[in-house]
Amino acid sequence: MRKINVFDTTLRDGEQSAGVNLNFQEKLEIAKQLERLGVDIIEAGFPASSQGDFSSVQAIAQTVKGSSVTGLARSLERDIETTWEALKDSAEPRIHVFLATSPIHMEYKLKMTPDEVVENAVAAVKLAASKFPQVQWSAEDASRTELPFLARIIKEVIDAGATVINLPDTVGYTTPYEIGQMFKYVSENVSNIHKAILSTHNHDDLGMAVANSLAAIQNGAGQVECTINGIGERAGNAALEEIAVALNIRQDHYQADTGIVLKEIKRTSTLVSKLTGMVVPSNKAVVGNNAFAHESGIHQDGVLKNKETYEIITPELVGVSSNRMVLGKHSGRHAFKDKLKELGFNGTDEELQKIFIAFKDLADKKKEITEEDLFALMTEATVGTAIAHYELETLQVNYGTINIPTATITMKLPSGEVVQEAATGSGSVEAIYNTLERVIDGPVLLTDYRIQSISGGRDALAEVYVNVKYDGVESSGRGTAHDVLEASAKAYINAVNRTINRQQYNQKLTKSVNV
Ligand code: KIV
Ligand code: ZN
């Protein structure tokens, strides 16, 4: 059985998804969960791209010790030096340096001849290898690169010190057969290939990212790059959970497996979906809400007689629990703390107390508190609250089919002053947002609004996601509450607070750089 290394790029390629902007705390929380999931390598960001990315990569490298942490770098001295500064304290410093190799990228994007590209790649890898024990080199757009040139440049960068060679299908163009041929060609035509691990990285533009990754593994890839829920640039990247489960369930076919802790899959998927605001479709393989739902009578009958008639993956395997009710109104602090620990909580006593109060409040309104509810409260308390510049104190909405919806809101301003405002709208949510806009300094443009329930039932918690443009900056926000209108108000305020946070953070960084 071959062991395939899993390289997770949720925090780098995944974060490049349109509309996703994770803050420092959120990235750290996802990295900790990826470590629990057992990924071998976490690509934490692109340190030279911004001060914010630099700081989060550095913090993740200093915190996570169970997975190797890496950062992306262009083939530039400045990028490689910056990445070293961010990663030098990590358990196993590792850099991911890339350069495009396809004719179209070399001619139009890089404006370099093939010889210049080889020279540049070799120089970058030599510099990287003088600092990092592990150097991954990627041939961007490898799947559209001429194979003899690919073999030539790979040989040169391995001689220069590369330990991992990644061959990305950058534009999601290749097919399982073609990618298999590319890996076979490289394995057979690069004389020093045994000195490096081959890696595959696939985008999903034609819906073949997972199939292409598996074909590459069959043809020599020892590392697979992927993201949780398949998020990423354009149509996304290959989904980690699908690859890990496919290799596990079809070991007979692939003769390969990963070190992924499969029962952590569902929780990781939920966390990433919550923090990025990217909803997982119900029919998504492995982690969709319907992935284990047998709807037709014939299937249900078969499953009752023998599960294996229609079930190839058990929900338990990937951490989907059937025992939904976990705590109730009378559950004590002790049981509560134990359950949170089981869910991966490792926060402070102050955070625990905050979640306990929110739990008691929810238990007054909701009969059964499920794992999903607890997870939502936990996420809200640990990473959900951007520093509260604006704080909702009270909200009242008057709605009737023959009335004009009116909202009255009491808010605490960044100055500490408490103000009350009211406004109308054509619906309750619009009335709330019109009122909030009166309180908040400057216009707020709402560009997206989504609502969903956490777990089922009439008394379910509501979760609202919004995207706003405030002060020229696009930001997302989320709010969870027992009532949909309160969740809507919280999401909007959260988005504005996140924007202010980001601006203050950037100002602070600019000042420290100027100093
Ligand atoms: O898709 C791609 O080519 C990439 C590289 C930077 C590895 O993400
Ligand atoms: Zn990519």
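Using the three backbone atoms N, Cα and C, a Cβ is placed for every residue, glycine included.
TrEMBL labels come from automatic prediction, so no person has curated them.
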(message) Can you find which of Asp13, Asp40, Asp53 TrEMBL lists as binding Mn(2+) at the same site as His201, His203, Asn237?
(response) Asp13
(request) Could you tell me which three-state DSSP class Asp13 (Mn(2+) binding site) falls into? (result) coil
(request) Starting from the Cβ centroid of Asp13, His201, His203, Asn237, which together make up the recorded Mn(2+) site, report each further residue of the same chain whose Cβ lies within 8 Å of that point, ordered by sequence. (result) Thr9, Pro168, Thr170, Asn202, Asp204, Ala209, Glu225, Cys226, Thr227, Gly232, Glu233, Gly236, Ala238
(message) Considering every residue in the domain 'Pyruvate carboxyltransferase' (4-266), what is the mean pLDDT value?
(response) 97
(request) Starting from the Cβ of Asn237 (Mn(2+) binding site), draw a 10 Å sphere and report how many other Cβ atoms land inside it. (result) 32
(request) For His203 (Mn(2+) binding site), list the number of other Cβ atoms lying within 10 Å of its Cβ atom. (result) 25
(message) Applying a 10 Å Cβ distance cut-off over all chains shown, what neighbour count does His201 (Mn(2+) binding site) have?
(response) 30
(request) Tell me the Cβ neighbour count for Asp13 (Mn(2+) binding site), meaning other Cβ atoms within 10 Å of its Cβ, over all protein chains shown. (result) 23
